[in-house]
């Protein structure tokens, strides 16, 4: 793609995100979401492969439907209450419609079908934007309206997302699809705590974004798209693959890595809110996603499965690992273990 065009699309993404995050009026928030949708479409379809065009079409149709629902819910609320302010969403029907619209924007179950397909049809860098930056504006809208949303609906969506995100990722061989289902199960953890402690939702989102960015950038460096190529990628950059192993385990939420922190705090908060059964259920469902993270981690390290076919080993790269990956990997793995040390210093 033309660098100037690329720059325009990235700038539009930043503009759309900034407009949505900083707006108080529903129409401005909707405008930001629309700018975002239109800016990401060329980035999805830039390879001109039929699968990319299909992914862009699916993304456009889903996001257009979700944006129409956002507009519909805000207009219904304005009709009944006379308020266009985002934080003044008080009408129950508007709240239900908005929850469905944002669930569709994010890819929460049962509106998740588009997300793995779109991620599979996109390049790794665009997949990274779709998994992290494109989720920030809808998460902000949820954060601002969290006090008036329906807790039962959000809890049901969250538990279904954690269940299906883990279950449907079990049999995948394409890494982008595995990361899509991983994203869906993480969204479940964010949605379940949204009503009770919105700041925890944001903390979970930020840490998820850091860990997912690390995984995507590492895969982009080693040029890995499926499990069979991941098996032989360790010869290319052994140290980078070792850190990928730790980042995947962190994404799975294993202690004492960074990914354990939000899960720990969410379970603690749910228990305080007398939701111990929900906390137990979502913790057990995270074991499903733990399985495919462990499978990815197993393939990442030097454990070639026994088979008769000969594998072509990849040449070791001489390029140094980028500073961004080094910093992100350190944060993804060491943030929780290093926190007590920082606190004692401060």
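Any Cβ shown, glycine's included, is placed from N, Cα and C.
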From the ranges 35-55, 56-76, grab the one TrEMBL calls transmembrane segment.
56-76
Same-chain Cβ contacts of the transmembrane segment (96-115) under 8 Å, 6 or more residues past its ends?
33, 58-59, 62-63, 65-67, 69-70, 72-74, 76, 89, 130, 135, 138-139, 141-142, 145, 149-150, 153-154, 157-158, 160-161, 163-165, 180, 183-184, 187-188, 191
Could you give the mean pLDDT over the domain 'NADH dehydrogenase subunit 2 C-terminal' (290-343), rounded to a whole number?
80
